Amino acid sequence: MCNTNMSVSTGGAVSTSQIPASEQETLVRPKPLLLKLLKSVGAQKDTYTMKEVIFYLGQYIMTKRLYDEKQQHIVYCSNDLLGDLFGVPSFSVKEHRKIYTMIYRNLVVVNQHEPSDSGTSVSENSCHREGGSDQKDPVQELQEEKPSSSDLISRPSTSSRRRTISETEEHADDLPGERQRKRHKSDSISLSFDESLALCVIREICCERSSSSESTGTPSNPDLDAGVSEHSGDWLDQDSVSDQFSVEFEVESLDSEDYSLSEEGQELSDEDDEVYRVTVYQAGESDTDSFEEDPEISLADYWKCTSCNEMNPPLPPHCNRCWALRENWLPEDKGKIPEKATPENSTQVEEGFDVPDCKKAAASDSRESCAEEIDDKITQASHSQESEDYSQPSTSNSIIYSSQEDVKEFEREETQDKEEIVESSFPLNAIEPCVICQGRPKNGCIVHGKTGHLMACFTCAKKLKKRNKPCPVCRQPIQMIVLTYFP
């Protein structure tokens, strides 16, 4: 008899290497329910080998088409005799241990010394050999042979995949040299659920004939000597020809070496890896200004349109719904601003005219008069300081400090007045007013980097810079404020 081996797979399939050789060659008698299932697909005996049980079980699944059309490794047997036999509504062909256990529960070991069973087995084996070629010729095909158990033990990290052509030994009385040569070849019977896809294939591989069987001259049939296939679930663990690929991997550790395809002679190198560097830039500005995400603008800053009662953001002068101009967006009386901005001695300047061109005196005259008054005050303070140095030496220092502070305050007020005069000298019809104070023209350019925004007056822009506020338009930090002159 031929020794059959079921290799140990990574998925945990049952290995016949752990089962005694006598048990592998033992005939089994299916239980009544399993026997009924086997006879429905052509079985005619009462005792079978494990190979024959798997063969007829595959024929039953193929005939009834119990497998899923899309995921064909799944077998549905809830409303079938197979479901009553296994006790499960469905199972996967990749669960080798589970399938072997379900089959083995429905078998009874038969003593080989019984003459009736052995004679029946021999007669049925001969009949099976005669009809074996007709039964398997339509479905024979090239398939990949998985490594034997000895190969898996010696090389657990690699899987050799070879293609073998099914062949049958026609002459039992070959020469010893030919038999020695043929015993290294494997005979495979391929029966698939779907012949077009070659899915769920039943493979029965005849193992090497032992030297003891050759010495004793035990007759062997190559079609029936292959007891149980390499894996107990290999008859259900085959994918379609297009889906045949290995999914072998190992858990990587510090001591593990680089993975290489030794069978194909290909090695993975660093050149095969492609590294892409992606840089993400955040947009600084957009075409449309949004005030909804601005934390400094609250609902109290929104203005209500008098025409349609729509609440609008503070900066746009027009209503977003009806496009009406905001009420009091521009001052009604345009002559009030220059009157407020002119100094006290502006009445005297307006009354005087130049003789040649009959024009009003320029603002430079007022500046000169202010400068003369400052000089007079400074000289008076110096004279009073000298006189008091002799009379009251104890209070001279306080007088000096007070006079200097008065001069500094006066100069500060004068510069502010000059800035207001310059700002108010622009015609309001030429430019829009400041969006912050709504009174002075937009002449304070907020500069940040190489760009700037002209949206406020010089005074309001300086206040923003002094308080370390960002630009109201683009939210960038303010670097400087530039006073802008218009022609």
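Including glycine, each Cβ sits where the backbone N, Cα and C put it.
The annotation compositional bias 'Basic and acidic residues' is assigned in Swiss-Prot to 126-148, 164-179. If you look up Swiss-Prot, you'll see SER166, SER190, SER240, SER242, SER246, SER260, SER262, SER382, SER391, SER403, SER425 marked as phosphoserine, on the strength of similarity to another entry. Per Swiss-Prot, phosphothreonine is recorded for THR415, and the stated evidence type is similarity to another entry. According to Swiss-Prot, the feature region 'Region II' maps to 242-331. Annotation comment: Swiss-Prot describes 190-202 as motif 'Nuclear export signal'.
Annotation note: the residue listed as 'phosphothreonine' sits in a helical segment as assigned by DSSP.
Over the motif 'Nuclear export signal' (190-202) the predicted model carries a mean pLDDT of 38. On its own chain, the residue listed as 'phosphothreonine' has no residue at least 6 apart in sequence with a Cβ closer than 8 Å to its own Cβ.
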